[in-house]
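Engineer: The structure follows.
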Amino acid sequence: MNKAEAMADLWTDGASGGGASPAAKLGANGGNELLTPAQMAEADRLTIASGISGITLMNAAGEAVANAAQSMLTATDLPNVLILCGPGYNGGDGFVAARLLHQRGLEVKTLLLKKPGSLKGDAALAFEEMREAGAPTWQALTPASLKKGLSEADLVIDALFGAGLDRPLEGGMAKLAEMVNAGGVPVLAVDLPSGVNGADGSAGGGAIQAARSVTFFRLKPGHLLFPGRSYCGEVDCAQIGIRPAVLEEIVPELTLNDDRLWCSHWQEPVVSGHKYDRGHAVVFGGPMHSTGAARLAAEAALRAGAGLVTLACPPSALMVNACHLTAIMVHPLRKGEAGEAEGEEAGSAGPIRDLLSDKRLNAALIGPGFGVGPQTRECVMAVLGSVETAVLDADALTSYSSSPEALFFAIAGCRGSVVMTPHAGEFRRLFPDLFSLDKLSAARQAAQRSGAVVVLKGADTVIAAPDGRAAINSNAPAWLATAGSGDVLGGIVLGLLAQGMPGYEAAAMAVWMHGEAGSEAGPGLTAEDLPASLRPVIRRLVEKAGQGRKEIR
Ligand SMILES: NC(=O)C1=CN([C@@H]2O[C@H](COP(=O)(O)OP(=O)(O)OC[C@H]3O[C@@H](n4cnc5c(N)ncnc54)[C@H](OP(=O)(O)O)[C@@H]3O)[C@@H](O)[C@H]2O)[C@@H](O)CC1
Ligand SMILES: [K+]
């Protein structure tokens, strides 16, 4: 087992203790690549071309569904399972599950959306095999048959639509989904809950609410992006005989955000090392009435492992910051002080350049609590023109609402990586034309346009690189949505950049660590709790990385 594999187990082997991530409920076994429905169809095609028949894959998929169904039914004596089968191969998986559950002695009823004669290919084969096996009963899916079926069922299997959903549910179909949701019977979804678009998680016409979903080979973006994620329940990923080698042809650029994505770029401190080996990060803070955001970021950067952290701020704010900070250095941005005369804005660009002329300061964060306006734009220009790597957040982004191209131009001239961490509102101000797109496409296009790594924050944060790579995060607990949380995230990115991680990996690791720290701090957390909550998260990473190394020897 190499270091990456060892660390991949970290959050799914039940050994992660109090910080167990909600992502552990996602069955990302097999690999962290995410496949769109089109890519999944290609994986099926390549597998079938290599000599494994489609019906073999469907039988394996249906068996995984049947097994999951049984595991949901342990408490009932003679369970009654209602299987809703659609017109395509998703329905085919339903027929296989129906046959197996019937053969295992369960009461099974299938309701078909279309006549059996209209079934094609492997779905028709699976229906025939189900009938030959002594067939569980089947009839047409209508409001009346559904109402009766729901009144008798202990479990519903939703095999209506999966990867082939190509439009929102509407009319009678949407009403049937509403009936299932109102029925009070737990639902197991095959591949995806019907109504959820696997590519982007949209569910414009509503969807069936599942308690659990079983997907195949790899997770799909729709399992992770909202609103789709909220319909999936717990997600299992079953391996059905598709070889991972097909991914070499498909080359997916999208992954689940977990340690497999970034652990090989992260280096824990070595005994012979020096603090300067881990970089010197600088946070540019705002005026006296607005200092907290920068302090949260600075504390997070230090906890994330930066060797040294300096908080640079206007002289008026120096005393406030100095009173709150110990290990973090404070530095007055003296020259100019124009901001103070003009409504207490932050220091001018000159002193920023002066400070950053010390090349040991290798990563800078500007934006949180900094103030919005032309002075901020000057300061952002000074940062991007002077420092190796930078994080832009909050006011640094909002200040460019009416001139985003100027920002993108400056990013293009920056020596190293630039990471932007907008929430939805900040994103909309910088990229108004992208806001109507799905979150994944929006983040990807923004990264391409701006030349920065874009962290589009939210419960399903997307991290996108200008080269097309993207990751979806899934471990953020609900209580992470609290004042100052984003400032901490910016600080973690900064701390990892200071240690020399590449921008995309630093951003992804930071988002993941932020989520873990949120789970570690738990209900009732405030942003102040998060930097300290990084300690057990980092300790587990170090321990697991060490295990990986031992096993390599
Ligand atoms: N390929 C393989 O080897 C394997 C595939 N596997 C399984 O196959 C599934 C994908 O199968 P699939 O491609 O047949 O699509 P599927 O999800 O059944 O739906 C297509 C049908 O839905 C219809 N339809 C679409 N949207 C609709 C709407 N809003 N409202 C109403 N109707 C709508 C559409 O109808 P039409 O557009 O023609 O009107 C079409 O007839 C995948 O999820 C997995 O479970 C596994 O067995 C492993 C091996
Ligand atoms: K389904």
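A Cβ is built for glycine as well, from the same backbone N, Cα and C atoms used for every other residue.
Relevant sequence annotations retrieved from TrEMBL are reproduced here:
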DOMAIN    40-248  domain 'YjeF N-terminal'
BINDING   89-93, 162-168, Asp191, Ala293, Gly369, His423, Asp487  (6S)-NADPHX binding site
BINDING   Asn90, Asp158, Ser194  K(+) binding site
DOMAIN    258-541  domain 'YjeF C-terminal'
BINDING   Lys457, Gly458, Ala459, Asp460, Thr461, Gly486  AMP binding site
Engineer: Asp158 (K(+) binding site) has how many other Cβ neighbours within 10 Å of its own Cβ?
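Structural biologist: Around the Cβ of Asp158 (K(+) binding site), 29 other Cβ atoms lie within 10 Å.
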Engineer: Starting from the Cβ centroid of Asn90, Asp158, Ser194, which together make up the recorded K(+) site, report each further residue of the same chain whose Cβ lies within 8 Å of that point, ordered by sequence.
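Structural biologist: Other same-chain residues with Cβ inside the cutoff are Leu84, Gly86, Gly91, Gly94, Ala159, Leu160, Phe161, Gly162, Ala189, Val190, Asp191, Leu192, Pro193, Ile208.
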Engineer: Running a distance check here. Ligand 1 versus the binding-site residues Asp158, Asp191, Gly486: which have CB less than 6 Å from one of its atoms?
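Structural biologist: Close enough to ligand 1 are Asp191.
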Engineer: Inside 8 A of the center formed by the CB atoms of Lys457, Gly458, Ala459, Asp460, Thr461, Gly486, which other residues of the chain have their CB, for the recorded AMP site?
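Structural biologist: Nearby residues not in the site list: His423, Leu456, Val462, Asn473, Ala476.
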Engineer: Fewest other CB within 10 angstroms, which one of the binding-site residues His423, Lys457?
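Structural biologist: Comparing Cβ neighbour counts within 10 Å for the binding-site residues His423, Lys457 gives His423.
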Engineer: Less than 6 Å between Cβ and the nearest atom of ligand 2 is the rule; apply it to the binding-site residues Lys457, Ala459, Asp460, Gly486.
Structural biologist: none
Engineer: Highest CB neighbour count within 10 A among the binding-site residues Ala163, Asp191?
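Structural biologist: That would be Asp191, with the most Cβ atoms nearby.
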Engineer: Rank aside, I only need the closest one: which of the binding-site residues Tyr89, Gly92, Asp158, Ser194, His423 has its C-alpha nearest to that of Gly486 (AMP binding site)?
Structural biologist: His423
Engineer: Which three-state DSSP class does Lys457 (AMP binding site) fall into?
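Structural biologist: Its secondary structure by DSSP: coil.
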Engineer: If you measure C-alpha to C-alpha, which of Tyr89, Asn90, Gly92, Asp166, Ser194 (binding-site residues) come within 10 angstroms of Lys457 (AMP binding site)?
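Structural biologist: Within 10 Å Cα-Cα: none.
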Engineer: In Å, rounded, how far does the Cα of Asp191 ((6S)-NADPHX binding site) sit from the Cα of Asn90 (K(+) binding site)?
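Structural biologist: So the alpha carbons of Asp191 ((6S)-NADPHX binding site) and Asn90 (K(+) binding site) sit roughly 8 Å from each other.
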Engineer: Looking at the binding-site residues Ser194, Gly458, Ala459, Asp460, whose Cα is closest in space to that of Asp166 ((6S)-NADPHX binding site)?
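Structural biologist: Spatially nearest to Asp166 ((6S)-NADPHX binding site) by Cα position is Ser194.
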